[in-house]
Amino acid sequence: MRRPNILLTGTPGVGKTTLGKELAARVGATYVNVGDLAKEGELYEGFDEEYECPILDEDRVIDELEDKMNEGGVIVDYHGCDFFPERWFHIVFVLRTENSFLYDRLENRGYKGKKLQDNIQCEIFQTIYEEAMSSYKEEIVHQLPSNTPEDLERNLDQIIQWIEQWMKDNN
């Protein structure tokens, strides 16, 4: 039984991890948080002093995920999307959050100064959405609002319906 691979992307703080973990639990998919994968495997190529965070070694991440992605049924969660092979994903969801909610979420994570402002601007200017649109076929890229618990439930329902339809159409 083939199962689709899904990319959840968006600015940090939009709810990718919350959605991804819950979705994986409900549909029995494999959930991969790329940040956690990189941390566990030390898949870094340096440290960004300005943003005070490690720099992801994208090639090593791809090598690490390749076999798992070929099996299918994987939900990948990451705030960037332009380095993953296009062939990996059957659908891409870009989560979007209103700035007032996002500001509070990022501040609660300890983001401040330039890092906080740049992430808010990234959301305002739809940076991740545009990155997804230029990296994947337009028809597989979808935006989802991610502000409230009700949005989360709606998104889960919508994605689960999509998965069920994909499985009918492709098996």
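Think of each number as a place in line: the chain as shown, counted from 1.
Placement of Cβ uses the backbone N, Cα and C atoms for every residue, glycine included.
All annotation found in TrEMBL is predicted automatically rather than curated by experts.
Database features (TrEMBL):
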- Gly13, Gly15, Lys16, Thr17, Thr18, Arg109: ATP binding site (BINDING)
- 33-56: region 'NMPbind' (REGION)
- 108-118: region 'LID' (REGION)
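Of all the binding-site residues given, namely Lys16, Arg109, the one with the smallest number of surrounding CB atoms inside 10 A is Arg109. Taking the mean position of the Cβ atoms of Gly13, Gly15, Lys16, Thr17, Thr18, Arg109 as the ATP site, the remaining residues of that chain whose Cβ falls within 8 Å of it are Pro12, Val14, Leu19, Arg105. Residues 12-13, 50-52 of the same chain lie 6+ residues outside the region 'LID' (108-118) yet bring a C-beta within less than 8 angstroms of a C-beta in it.
All protein chains shown were included, and the count of other CB atoms within 10 Å of the CB of Gly15 (ATP binding site) stands at 26. Listed in sequence order, the residues of the same chain lying 6 or more apart from Gly13 (ATP binding site) and placing their CB within less than 8 Å of its CB are Thr97, Leu102, Arg105, Leu106, Arg109, Tyr111, Asn119.
Among Gly13, Gly15, Lys16, Thr17, Thr18, Arg109, the residues given in the record as binding ATP, the maximal Cα to Cα distance rounds to 15 Å. When DSSP labels each residue, the region 'LID' (108-118) comes out as 7 helix, 0 strand, 4 coil, counted as helix, strand and coil in that order. Taking the Cβ of Thr18 (ATP binding site) as reference, residues of its chain lying under 8 Å away and at least six apart in sequence are, in sequence order, Leu152.
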